[in-house]
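One structure is given below, encoded as structure tokens.
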Amino acid sequence: NILQFRKMIQCANKGSRAAWHYLDYGCYCGPGGRGTPVDELDRCCKIHDDCYIEAGKDGCYPKLTWYSWDCTGDAPTCNPKSKCKDFVCACDAAAAKCFAKAPYNKANWNIDTKTRCK
């Protein structure tokens, strides 16, 4: 679920960067996505997009699926409930952890995707 994902990001990065900073970053962070990721953070977003696609193949609706999770320290932890919820939660938790580890390059925010994402 998009709202829960936002909170997971805040958990993993200890509130150092707001979730909206990732909405228009690189070629894959935010709606859509194409081309070659511009950096490590953008690769995190592509992996997350691909994970959501896989979840959708199983009949899940990742952007709308509510799941159970906890923030333990700086690690989002999923609480098992069902296959669909667990899958989506795992997608979001992995992405949030990836975001927290990847450098944020301000030059890759709000880029011209038509020219840079081929």
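Backbone N, Cα and C atoms are what each Cβ position is placed from, and that goes for glycine too.
As recorded in Swiss-Prot:
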- CYS11-CYS71: disulfide bond (DISULFID)
- CYS27-CYS117: disulfide bond (DISULFID)
- TYR28, GLY30, GLY32, ASP49: Ca(2+) binding site (BINDING)
- CYS29-CYS45: disulfide bond (DISULFID)
- CYS44-CYS98: disulfide bond (DISULFID)
- HIS48: active site (ACT_SITE)
- CYS51-CYS91: disulfide bond (DISULFID)
- CYS60-CYS84: disulfide bond (DISULFID)
- CYS78-CYS89: disulfide bond (DISULFID)
- ASP92: active site (ACT_SITE)
Check your understanding: Can you tell which of the recorded positions CYS11, CYS27, TYR28, CYS71, CYS78 lies nearest to HIS48 (active site) in space, using Cα positions?
Key -> TYR28
Point to revise | Euclidean distance between Cα atoms of CYS89 (disulfide bond) and ASP49 (Ca(2+) binding site), Å | key: 13
Study note, to complete from the structure: argmin Cα dist to CYS51 (disulfide bond) over the disulfide-bonded residues CYS11, CYS45, CYS84 returns CYS45
Check your understanding: Of the recorded positions listed here (TYR28, GLY30, ASP92), which is spatially closest to CYS11 (disulfide bond) when Cα positions are compared?
Key -> ASP92
Check your understanding: What number of additional C-beta atoms lies within 10 angstroms of the C-beta atom of TYR28 (Ca(2+) binding site)?
Key -> 26
Revision key, fill the gap. Of the disulfide-bonded residues CYS44, CYS45, CYS71, CYS78, CYS84, CYS89, within 10 Å of CYS27 (disulfide bond) (CA to CA), in sequence order, we find CYS45
Exercise for review: Find, among the recorded positions listed as ASP49, ASP92, the one whose Cβ has the highest number of other Cβ atoms within 10 Å in the structure shown.
Suggested key: ASP92
Study note, to complete from the structure: The rounded CA-CA distance in Å from CYS29 (disulfide bond) to CYS60 (disulfide bond) is 21
